[in-house]
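In what follows, a structure is listed as C-alpha cells, so that the remarks can point back to it.
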Amino acid sequence: MINANFLADTDPLVAEIIQKEYGRQQDHLELIASENFTSPAVMAAQGSVLTNKYAEGLPSKRYYGGCEFIDEVEQIAIDRAKQLFGAAHANVQPHAGAQANLAVFLTLLKPGDTIMGMDLSHGGHLTHGSPVNISGKWFKAHHYGVNKETEAIDYDQVLELAKKHKPKLLICGYSAYSQIINFEKFRAIADEVGAYLLADIAHIAGLVATGHHPNPVPHCDVVTTTTHKTLRGPRGGLILTRDSELGKKLDKSVFPGTQGGPLEHVIAAKAVAFGEALKPEFKTYSGQVIENAAALATQLQERKLKIVSGGTENHVMLVDLRSVSMTGKKADKLMSGVNITANKNTVPFDPESPFVTSGLRLGSPAMTSRGMKATEFIEIGDIIAERLQNPEDEGIAQKCRERVASLCKAFPLYPHMMAKVPSLV
C-alpha cells in the first residue's frame, strides 16, 4: 500500500487538513447519532486500488473487462449482507441511503403515486416525502406522526391515515425515533390498504443485524439502509428483499436506472464491515450501544432534562430543551464549546423552525466504538446537563472541557495513529 508520507509529499495542504480532522475526532466526544468510527480494515479497503476500476453491471454481468477480482469482492459483500439480514437478495451498489430509496421508488412507483412516511419534524427523513426532496416533488406525500402524549408511534392513527390516503408505498424507519418499530403492525396496515411496505433502517441496521432490534426483512417488501451509522461500515447504501424476482427489478433500478459505475473500493469496504458485523464481538458491541444510550438517557433525566418518549430503546435519544428554556441551536453551540459534537433537532410538535429547533439529538454508537461503557456515558450525561443548565458560567464550561479531555485521552481513537503522521490512509 501507499506510504503514509506520500500524501504529505504530494499535497501537504490536504494532508494537514486530514491531520487536523483526525485531531478533532480524537479530542471530541462524538455524539451525533448517525456517525461512527470504522475499523482500520474498512478504511484500508476503501483506500485500495479498487478505486481505479470501472465495473458497470453486476458480478459476472459486466460491461467492462478486467472485472474478475471486482466480481469476487462484490459477491462477498452480497453474500455477507444476505447472511446478516436473512435476505434472499441484496444490492450493495447504492452510493448512499438516499440513492437506495430512490431506486426503490423507481421500482415500485410512478410519478404522481401516493406515499406515506413519518413527518420529518417527528423523526422521519427527507427522502420519505419531504417537499424539498425528490420524493416529495415526484410523489403525493402524506405523513403520520407520533402520539402527542406518549411521543411514540400511534399505529391506530397510522392505519386511519393509510385508509384515508391509500398510499401505494408505506414507509417506516426513522432518523430520530428512539423506540422499537413494530414491523408486523406496519405489514398489517400495508396489507389492509394494498400498499407496498418499505423499511428504511439506516439508523438501526447494526442493531437489527445482531438481533437487538426486530428484523424487518420477513415483513417488508423492501428494506434499505446505509452501511455506516450503527453498522459501522463505510458511507454507502444497501437494498435488501426477501423476494428474488423483485430483487432483479431493484437491481435494474440501481443500474442503469439511477447510477452508473459502482464504487468498488467502497463495496470492498462494505464487505469488510459486513464480515466484522457477523462476528460475536460485533453483537457484544451492539448490545453495549443500547446499554450506553440507556445510561445516558437515564442520567439526563436524573438531571431533570426531558427525553422525548420517556427514554430510548435503541442508540438514539432526543432531549426536549424546552425543559431548560433553550433552543437546539443554542444547545448545539454550547456542546461544541466544550468539545462535544451533537446536533440540534426538531422534537415532535416543535414550535421552533428546523433551523432553530427545540431539541438536541444524541447517540451512543461512536463513543461505544472507542470502548466506552455505561459508566462513561453516565459521566457524559452529567457533563451535558452541567453545561446546559449553566449556559453563562465559563468556569463550569472550562471544567466540562477538562472532563471531556480526560475521557477522550482514556479512550483514544485509532491508537496506532496517535503519533503525528502526514496521512491517515
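Here the Cβ of each residue, glycine as well, is placed from N, Cα and C on the backbone.
Around the Cβ of Ser353 ((6S)-5,6,7,8-tetrahydrofolate binding site), 12 further Cβ atoms fall within 10 Å across all displayed protein chains. Sequence annotations record features per position, and here Swiss-Prot assigns (6S)-5,6,7,8-tetrahydrofolate binding site to Leu120, Gly124, His125, Leu126, Glu245, Ser353, Pro354, Phe355 based on sequence analysis.
The annotation site 'Plays an important role in substrate specificity' is assigned in Swiss-Prot to His228 on the grounds of sequence analysis. Long-range Cβ contacts of His228 (site 'Plays an important role in substrate specificity') within its own chain (separation 6+, distance under 8 Å): Ser34, Glu35, Asn36, Thr38, Pro234, Arg235, Gly236. DSSP assigns His228 (site 'Plays an important role in substrate specificity') to coil in the three-state reduction, outside any helix or strand.
As annotated by Swiss-Prot, N6-(pyridoxal phosphate)lysine applies to Lys229, with the evidence given as sequence analysis. The C-beta environment of Lys229 (N6-(pyridoxal phosphate)lysine), restricted to residues of the same chain at least 6 apart in sequence and closer than 8 Å, consists of Ala33, Ser34, Glu35, Asn36, Ala202, His203, Ala205, Gly206, Pro365.
Remark: of the binding-site residues Leu120, Leu126, the most isolated position is Leu126 (fewest other Cβ atoms within 10 Å of its Cβ).
With Leu120, Gly124, His125, Leu126, Glu245, Ser353, Pro354, Phe355 listed as the residues that bind (6S)-5,6,7,8-tetrahydrofolate, the site has a largest C-alpha separation of 44 Å. Ranking the binding-site residues Gly124, Pro354 by how many Cβ atoms sit within 10 Å of each one's Cβ puts Gly124 at the top.
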